[in-house]
Amino acid sequence: ALEPLSVGLAIGVASALTGYLSHPRFYCNYVECCPRAGQRLNATALKAQLDNRLFGQHLAKDVVLKAVLGFSNNPSPKKPLMLSLHGWAGTGKNFLSQILAEQVHPAGLRSKFVHLFLATLHFPHHDQVKLYKEQLQNWIRGNVSACPSSVFIFDEMDKMHPGVIDAIKPFLDYYEEVDGVSYRKAIFIFLSNAGGDLINKAAFDFWSSGKRREDIQLKDLEPLLSVGVFNNKNSGLWHSSIIDRNLIDYFVPFLPLEQRHVKMCIRAEMTARGYAVDEEIVQAVADEMTYFPKEQKIYSDKGCKTVQAKLDIQEDL
């Protein structure tokens, strides 16, 4: 027969072990969990990521850093955070959205709480707009119910069929709950090339007048973007109720990149590949890029988008 003391000790150990294994934080060491209520972003880590990985975008860095940290530190936001990122391809819109997603959910785009929609992939047919709107509402409702701090990224907004994105308007508005679900902790991000021409013109005008690029402020561009995108028939936000109701917190402009910024991208890519930075190769890759305007050749017409491919060619040589 077992001694009473031995039985009691065994039961105690088993109870303690069961309690430890069933503790939510232990479980979350092995399976991705939604962040706890009140959990804040690491401001130092987010700033370091933006400084070290996003080049030539002082406005976007400043606006997004303040907006995201303010939202994260607010225990009771009145609505979800809604950012609309605008600029030509290769200027860093996707990159910034990935950095932000990684800070909210460490698995980033691989996280089950981060959802990426591509207009040409997920909403390709004009005659299916009604179906897309229903599917989109159901998807967002289900995922926010599972994790209030879900992140939704909509890429290629300039290719989105008008009307589709208005399906999410009820989730972005100032409601405490919609059908029993609160969306106030979610983050929505739009990525669009629409408005890129307006941003490029404003940047060139600053350059032509002898002003520093870093002196461009949000107030110089945001009003142009909101009106320009709203009236752009080739934008998914054309006459959108989301803009009409002022539900986008910030229109974030991404400036065209100069050659010095392209060189920063090249150096970062070389470092990421484990290479020593060779300035001759950096210059050679930068020279392979094309620049505009035709006479001044100030800005890269593809930003940093083709840096990896150009560097591959240099490796082969």
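Each residue, glycine too, has its Cβ placed from N, Cα and C.
Residues or ranges marked as ATP binding site in TrEMBL: G87, W88, A89, G90, T91, G92, K93, N94. Counting Cβ atoms from all protein chains shown, K93 (ATP binding site) has 27 others lying within 10 Å of its own Cβ.
Residues in the domain 'Torsin-1A C-terminal' (257-312) partition by DSSP class (helix H, G, I; strand E, B; coil) as 30 helix, 5 strand, 21 coil. TrEMBL lists 257-312 with the feature domain 'Torsin-1A C-terminal'.
Same-chain residues at least 6 positions away in sequence with a Cβ under 8 Å from that of A89 (ATP binding site) are, in sequence order, N193, K302, G303, K305. The Cβ neighbour count for G92 (ATP binding site), using a 10 Å radius over every protein chain in view, is 27.
Annotation for the binding-site residues G87, G90: lowest Cβ count within 10 Å of the residue's own Cβ, G90. In the structure as shown, the Cβ atom of W88 (ATP binding site) sits within 10 Å of 23 other Cβ atoms. Each of the binding-site residues T91, N94 was scored by other CB atoms within 10 A of its CB, and the lowest score goes to N94.
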